[in-house]
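Undergrad: Please see the structure below; I have some questions.
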Amino acid sequence: VNLRAVTSWVGIARLCAVVLSCLAFSLVASTRDFWNAYGTWCMFTWCFCFAVTLLVLLLELLELYPTLPLSWDDFTSAFSMLAALMVFTTSVVFPSTFISSPCNGSKCARQAVATAASCLCFLAYALEVGLTRAKPGDISSFLSTVPGLLKVFEAYVACLIFSLLDTYTSKAGLQWCVAVYSICFIFTFLIIIFTIGRCLAYLPFPLEKMMVGYSALALMMYITATVLWPLYSFKGRSRPDPCGRNCWWDKHLGVTFLTIFNLIAYLVDLVYSTRMVFIRAP
């Protein structure tokens, strides 16, 4: 038994995440606030993070993870980053969807405590990301480096973009933007999976330079999407009044901001990847 799995700072952060995610989904389950798509997403996030984090703790506590056919450090780094992003999104979506004003009664109190637990759970995962991030010069685990963590961020933001897409087939510019989101997501997801599965070493070309080339190409493609998406979405079209929860205008605006976020992520990814490959420390 490896007691450091639960007594180290990383282990304590994981234990906190397990307890807080369990508290969040238990309170929400008692209020039955998971009947629509937003509630289902929130419950899935808390339950998924709880189950995987508990599994990680058990595998490290019993020292069973070396028998798995994957890069354990890459897997845990990628999962902690993904969990932080998922719980952060849930911590924003749940209160804005289900907590009404004025907030009174036991049901609202449980919703508020669940939101607070979700926010603290996000901080626990963010702490784990910070504790396990690779130090400068240490590239033993790619997904724990800044470019590796950004790959997880880029893939997650692309998934959020896909969830907001509705009408885009009428204009060629919007179709190109969707193609950009899809192509970049597929390649980024494959890089993550191949890294965790220890398959990148079998590629017949220099891996580091391929990463730089892909980041540069994805950046240029996202520049075009950043310009074309709002141009073709909003040109000559004003915001409907009223504009309900599923209003196309709000969804297209959300895609615009998420595209900008991914553009910035790919830019930072390119800068860090270039420094790792072409600027070597003596």
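Residue numbers in this text run from 1 along the chain shown.
Heads up, the Cβ atoms here are built off N, Cα and C, so glycines get one too.
Because the structure is a prediction, the values reported are computed rather than measured.
Got these off TrEMBL a minute ago, pasting:
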- 5-137: domain 'MARVEL' (DOMAIN)
- 6-29: transmembrane segment (TRANSMEM)
- 41-59: transmembrane segment (TRANSMEM)
- 79-99: transmembrane segment (TRANSMEM)
- 111-127: transmembrane segment (TRANSMEM)
- 139-165: transmembrane segment (TRANSMEM)
- 142-278: domain 'MARVEL' (DOMAIN)
- 177-205: transmembrane segment (TRANSMEM)
- 211-232: transmembrane segment (TRANSMEM)
- 253-272: transmembrane segment (TRANSMEM)
Undergrad: Could you please provide the mean pLDDT value for the domain 'MARVEL' (5-137)?
TA: 90
Undergrad: Tally Cβ pairs under 8 Å between the transmembrane segment (111-127) and each listed stretch (6-29, 41-59, 79-99, 139-165, 177-205), then give the stretch with the top tally.
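TA: Per the Cβ count, the answer is 6-29.
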Undergrad: With pairs fewer than 6 apart in sequence excluded, do the transmembrane segment (41-59) and the transmembrane segment (139-165) have three or more C-beta pairs that lie under 8 Å?
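TA: Checked: the transmembrane segment (139-165) vs the transmembrane segment (41-59), no contact.
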Undergrad: For the domain 'MARVEL' (142-278), give the DSSP counts of helix residues, strand residues and coil residues.
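TA: Result for the domain 'MARVEL' (142-278), in helix, strand, coil order: 109 helix, 0 strand, 28 coil.
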Undergrad: Six or more residues beyond either end and a Cβ under 8 Å away: which residues meet both conditions relative to the transmembrane segment (41-59)?
TA: 5-6, 11, 14-15, 17-18, 21-22, 24-25, 28-29, 34, 65, 68, 76, 79, 83, 86-87, 89-90, 93-94, 118, 121, 125
Undergrad: Any residues 6+ beyond the ends of the transmembrane segment (253-272) with a Cβ under 8 Å from its own?
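TA: Here the qualifying positions are 145-147, 150-151, 153-154, 157-158, 160-161, 164-165, 177, 181, 184, 212, 215-216, 218-219, 222-223, 225-226, 229-230, 233.
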Undergrad: Which residues of the same chain, at least 6 past either end of the transmembrane segment (211-232), have a Cβ under 8 Å from a Cβ in it?
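TA: 147, 154, 171, 173-174, 176-177, 180-181, 183-184, 187-188, 191, 252, 255-256, 259-260, 262-263, 266-267, 269-270, 273-274, 277-278.
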Undergrad: Would you kindly list the residues that approach the transmembrane segment (177-205) from elsewhere in its chain, counting only those six or more residues past its ends and only Cβ-Cβ distances under 8 Å?
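TA: Beyond its ends, the transmembrane segment (177-205) has Cβ neighbours at 69-71, 74-75, 78, 142-143, 148, 151-152, 154-155, 158-159, 161-162, 165, 168, 211, 214, 218, 221-222, 224-225, 228-229, 232, 259, 262, 266.
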Undergrad: Going by DSSP assignments with H, G and I as helix and E and B as strand, what are the residue counts for the domain 'MARVEL' (5-137)?
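TA: Counting residues per DSSP class in the domain 'MARVEL' (5-137), I get 108 helix, 0 strand, 25 coil.
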